[in-house]
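*Asks:* Feature table excerpt (Swiss-Prot):
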| type | residues | note |
| --- | --- | --- |
| ACT_SITE | His358 | active site, proton acceptor |
| BINDING | Lys20, Gln70, Gly75, Thr76, Gly137, Glu151, Asn166, Asn223, Arg328, Lys346, Tyr361, Asn372 | UDP-N-acetyl-alpha-D-glucosamine binding site |
| BINDING | Asp100, Asn223 | Mg(2+) binding site |
| BINDING | Ala375, Asn381, Tyr382, Ser400, Ala418, Arg435 | acetyl-CoA binding site |
| REGION | 1-225 | region 'Pyrophosphorylase' |
| REGION | 226-246 | region 'Linker' |
| REGION | 247-446 | region 'N-acetyltransferase' |
Amino acid sequence: MKSIIMAAGKGTRMKSDLPKVVHLAHGKPMIVRIIDALNTLDVEENILILGHKREKVLEVLGNDVSYVVQEEQLGTGHAVKQAIPKIKDYDGDVLIINGDIPLIRKQTLIDFYNLYKNENADGIILSAIFENPFSYGRVIKDGNKVLRIVEEKEANEEQKKVKEINAGVYIFKAQALVKALEKINNNNEKGEYYITDVIEILSNDKKVISYSLEDSMEIQGVNSKVELALVSKVLRERKNTALMEDGVILIDPATTYIDDEVKIGRDTTIYPNVTLQGNTEIGENSEILSGTRIIDSKIYDNVRIESSVIEESIVENGVTIGPYAHLRPKSHLKENVHIGNFVETKKSTLEKGVKAGHLTYLGDAHIGEKTNIGAGTITCNYDGKNKFKTEIGKDVFIGSDTMLVAPVNIGDNSLIGAGSVITKDVPSDSLSVERSKQIIKEGWKK
């Protein structure tokens with residue numbers, strides 16, 4: 001099967017410089033969500049109908065995607081016609097879908113396709129029952145057979161009473177679709193070519209059926225930032241519900257933002273106002289407290305993180321972090337490390353049991369087991385041109401307000417006096433102090 005994804009619309013009501021389909025619905029571009037859903041059907045080629053600022057869509061999807069261009073906006077039928085060169089010699093099925101319905105479920109598309117195949121139909125439309133169907137195309141049927149779809153502006157009073165509406169998703173046999181597209185015209189109030197006219201053309205001598213959705217929210221389109229927020233909320237609720245059903249504790253799901261790819265182990269508690277993004281994994285029995293943001297990181301079991309930011313890092317069992325710590329990319333905290341308030345790490349490994357309680361920067365560093373980093377310690381890793389590494393051994397005590405000017409090595413079991421500026425390697429089992437002599441001048445202030 002091939003698909004045709006309608007993604008050429010300007011999205012005027014979005015009031016944005018971006019094409020509508022690249023806006024993020026719960027952290028992922030809408031067009032990516034549509035393609036992800038279609039991949040469930042083992043689609044051999046997704047053909048995108050692009051128009052307004054198509055280069056922005058290609059930036060998201062890559063230039064190797066299959067697409068055609070609709071230069072003029074002359075209706076949905078005109079859009080699909082642009083894809084005829086890509087399907088005219090194809091003998092399979094073609095699925096047509098709007099690019100702005102990110103709530104469509106994978107299982108819905110599977111059931112939709114299976115009904116089409118089981119009924120040996122020539123075409124099928126996805127429909128839904130709306131109590132207030134205003135503005136939607138109405139599905140006109142004779143028993144189970146679909147006769148036509150009538151747009152709101154073209155419908156008579158009797159047709160407007162029909163509550164079954166067109167959801168904008170179709171499957172047709174490719175050759176039947178191509179022949180029908182050649183017959184559609186723009187003799188209607190809007191002067192546009194409607195893809196829905198294909199239904200009436202095919203129904204004259206072929207079998208066209210419908211599949212009615214149980215959850216009409218799946219076809220919620222996005223035409224404004226308000227509707228974008230609505231679908232994002234639904235997607236967030238789906239993710240949070242699935243996590244809770246798997247044993248995760250969400251104190252307040254309404255204020256918890258967790259991307260689709262995030263994995264969380266059972267009995268982990270997520271507090272309000274937490275954001276978990278990208279390919280983040282969190283183990284079991286951990287606590288992620290309010291104000292925390294974790295991106296593309298792996299968090300093990302029994303970890304406690306409070307009001308901190310963690311990016312592209314690894315946090316092993318029993319670690320405590322925060323409040324107000326920042327783990328920048330390539331930080332690796334091993335078992336039972338403690339990182340306190342206003343501590344920043346970057347491209348550093350802290351071995352088992354290391355403690356850095358407060359006001360510290362550890363960049364391009366390796367710190368051995370059970371070392372204590374005093375308040376105000378800074379690894380001076382950058383000379384204005386290059387980055388250098390600081391190596392600190394195990395069981396080291398770094399006094400407060402110490403500057404470690406890289407490259408520098410501190411040996412095991414060493415002690416660095418508070419206020420020191422260390423520029424030379426310190427051997428193991430040593431005391432190193434580097435600071436000016438304290439001078440006292442009595443009676444200085446008269």
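Cβ coordinates come from backbone N, Cα and C, glycine included.
How buried are these features, and what lies next to them?
*Replies:* In sequence order, Gly340, Asn341, Phe342, Val343, Ala375 constitute the residues six or more apart from His358 (active site, proton acceptor) in its chain with CB-CB distances below 8 Å. Under the three-state DSSP scheme, His358 (active site, proton acceptor) falls in the strand class.
For Arg328 (UDP-N-acetyl-alpha-D-glucosamine binding site), the count of additional Cβ atoms within 10 Å of its Cβ stands at 17 [all protein chains shown].
Under the three-state DSSP scheme, Asn223 (Mg(2+) binding site) falls in the coil class.
Sequence-distant neighbours of Arg435 (acetyl-CoA binding site) (same chain, six or more apart, CB under 8 Å from its CB) are Gly417, Gly419, Ser420, Val421, listed in sequence order.
Averaged across the region 'Pyrophosphorylase' (1-225), pLDDT for the predicted model comes to 94.
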*Asks:* Let me make sure I understand the structure: which of the binding-site residues listed (Ala375, Ala418) has the fewest other Cβ atoms within 10 A of its Cβ?
*Replies:* Ala418
*Asks:* In whole Å, how far does the CA atom of Asn381 (acetyl-CoA binding site) lie from that of Asp100 (Mg(2+) binding site)?
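*Replies:* Here the two Cα atoms are 48 Å apart.
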*Asks:* I need the most crowded of these binding-site residues: Gly75, Gly137. Count other C-beta atoms within 10 angstroms of each C-beta and give me the top one.
*Replies:* Gly137
*Asks:* For a quick check of understanding: among the binding-site residues Tyr361, Tyr382, which residue's Cβ has the most other Cβ atoms within 10 Å?
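*Replies:* That would be Tyr361, with the highest Cβ count within 10 Å.
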*Asks:* Measuring CA to CA, name the entry from the binding-site residues Asp100, Asn223, Tyr382, Ser400, Ala418 that ends up nearest Asn166 (UDP-N-acetyl-alpha-D-glucosamine binding site).
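*Replies:* Considering only the listed binding-site residues, the nearest one is Asp100.
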*Asks:* I'd like to confirm something. Which of the binding-site residues, Lys20, Gly137, Asn223, has a Cα closest to the Cα of Ala418 (acetyl-CoA binding site)?
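*Replies:* That would be Lys20, nearest by Cα distance.
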*Asks:* Among the binding-site residues Asn166, Asn223, Asn381, Ser400, which residue has its Cβ surrounded by the fewest other Cβ atoms within 10 Å?
*Replies:* Asn223
